[in-house]
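To start, the structure under review is shown below, and the notes come after it.
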């Protein structure tokens, strides 16, 4: 077991495109770190540099204490699971799993024993004599895992290993991979574009955009205090609602101007944000997680109230997913456009053309009485407000640990 | 259930007629190979023998000296197998490097190989002969194998390179990460996946070598190491040719090829049709 360290690593292709820029990232010994980002963000390139399949343009890569920039993949003592699995089609499952051990020059008896043990751990014993072609997707995935664990390498590298499986199997394999990793406590670098996979599997998550590290933290940290709009909108499903708003001083407290509405913040709600509390008429990007919109009935009366038109109610017991329309301007930045375009190009066009008003998503308990076509009132706990600089997209971070000042 | 309609019936008749037409040379081959000497000049070549005999076969099979057919068969086999082995070994390695290198000389070298396919072999035969004689390779089986491996190398490289280019790099990368050095990656992972390419090279090159008369005559004629087509040539005289004997030898020379084809058919057809999955 060993740590993997990216020390200011840059990857530049001959045509000048920079896939990864000065990446600083340390995967601790035994840690499961997920590298996540939209397609083309450089995550796979970073992984391939760790594997030794891609040359490093600048910076140092360390496995343990050893600089491995110039070390051949076969000498790095790491195992990789490919998106395509890359099982050798001409070998049986047994031969596939045994291959790394044969390369290491182990004795036949030992190879046999270790393959049997790995196969047993993965439930592959019955399939050992089959060829990969005769296996299902999930079984192939397991064989690829078997080939990785059998050698007990310093680290696992995984390149979107679950993307070829159907949704149900993916959930199951997610748990299996996590369990295996816990059992072997092998340092793992896992690449995916799926934020759900990242959130459920990673000890820590590194979010990458256009080759630049955006934020590194635990799933909770990323969710609770995203470093910028990109991370805020990338992490979470449905994503965070982001609206243009203005923070204004009003009497002893502050107010939020949101479209035609005024949200009165309870006294002290912005204490943690000296930049906002003191200033007058500061434009910000306001971030609201879907679960930050609560049913106004029975909510703390000091919480600001928000009126919105209920456009659509999706029943998803035990929850309701409610689409709301508000006359506030949406925030359209390069980052939001890129995220939308990653889903599909038309979605990005839609976002541009949305014009006046924005659509909000609210996640409410299934018992909440909301009806489509009505105007409803929602309460927003002040502690759930996220503020971002409108021009840079960087989070305006609270000074002291996020205090639940107003949430009684 | 298949039912004949007018159209399908007509199509089938046409197909049968065409099949029979292509079998016509084979008919001439068989009837003339079974003809005794005295009928050879008295009957037409399309008339079957009134008294079929196998004495042509026994005669050519028992002949000695320059016209020793069994020895010719053995030499042909040794040269063919040796050439295929050499072409597979060197051709696959050369093509692998050319298909995978990103260096500029790679594509230059590849196009040079392509040029060599287009140029006729005969063009280089005289300098080749002089070179081979100086190296003491004329008249030896070794020399012939070297010659064929050299002249057919462009074909092998061209065929292999096409297959290699379609091979996903994932397998090689996976093998490297599994701890395999370049040699192991190639021989344990890449080459076994190239079985369809190897089959194609073996069949195409094998047929060319087996059937080759011209270079074999030039390089081996008069030596103790003649191949079957060269030995057969002794039955072609300037005044009279023993066509019944020659046809018997042709039939004999077809036997190993047909046997090989029947044996390998299933595998190779699979390889050609299936490719790599």
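Any Cβ shown, glycine's included, is placed from N, Cα and C.
What TrEMBL records for B:12-34 (among others) is transmembrane segment.
Sequence-distant contacts of the transmembrane segment (B:69-98) (same chain, at least 6 residues past either end, Cβ-Cβ under 8 Å): 60-61, 63, 106, 109-110, 113, 141, 144-146, 148-149, 152-153, 156-161, 164, 186, 190-191, 194, 197-198, 201-202, 205-206, 209-210, 220, 225-232, 249, 252-253, 256. The transmembrane segment annotation in TrEMBL covers B:69-98 (among others).
TrEMBL lists B:73-264 with the feature domain 'ABC transmembrane type-1'.
TrEMBL lists B:110-130 (among others) with the feature transmembrane segment. Within its own chain, the transmembrane segment (B:110-130) has Cβ neighbours under 8 Å at 98, 138, 147, 151, 153-155, 157-158, 161, 214-215, 218-219, counting only residues six or more beyond its boundaries.
Marked as transmembrane segment by TrEMBL: B:142-164 (among others). Away from its own ends, the transmembrane segment (B:142-164) comes close to residues 79, 82-83, 86-88, 90-92, 94-96, 98-100, 110, 113-114, 116-117, 121, 124, 128, 132, 135-136, 190, 194, 196-197, 200-201, 204-205, 208-209, 212, 215-216, 219-220, 225, 227 of its chain (Cβ-Cβ under 8 Å, at least six residues beyond either end).
Feature annotation from TrEMBL assigns transmembrane segment to B:185-210 (among others).
The transmembrane segment annotation in TrEMBL covers B:242-264 (among others).
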Counting only residues 6+ away from its ends, which parts of the chain sit with a Cβ under 8 Å from the transmembrane segment (B:185-210)?
76, 79-80, 83-84, 87-88, 91-93, 96, 148, 152, 155-156, 159-160, 162-164, 167, 171-172, 175-176, 253, 257, 264, 267-268, 271-272, 274-276
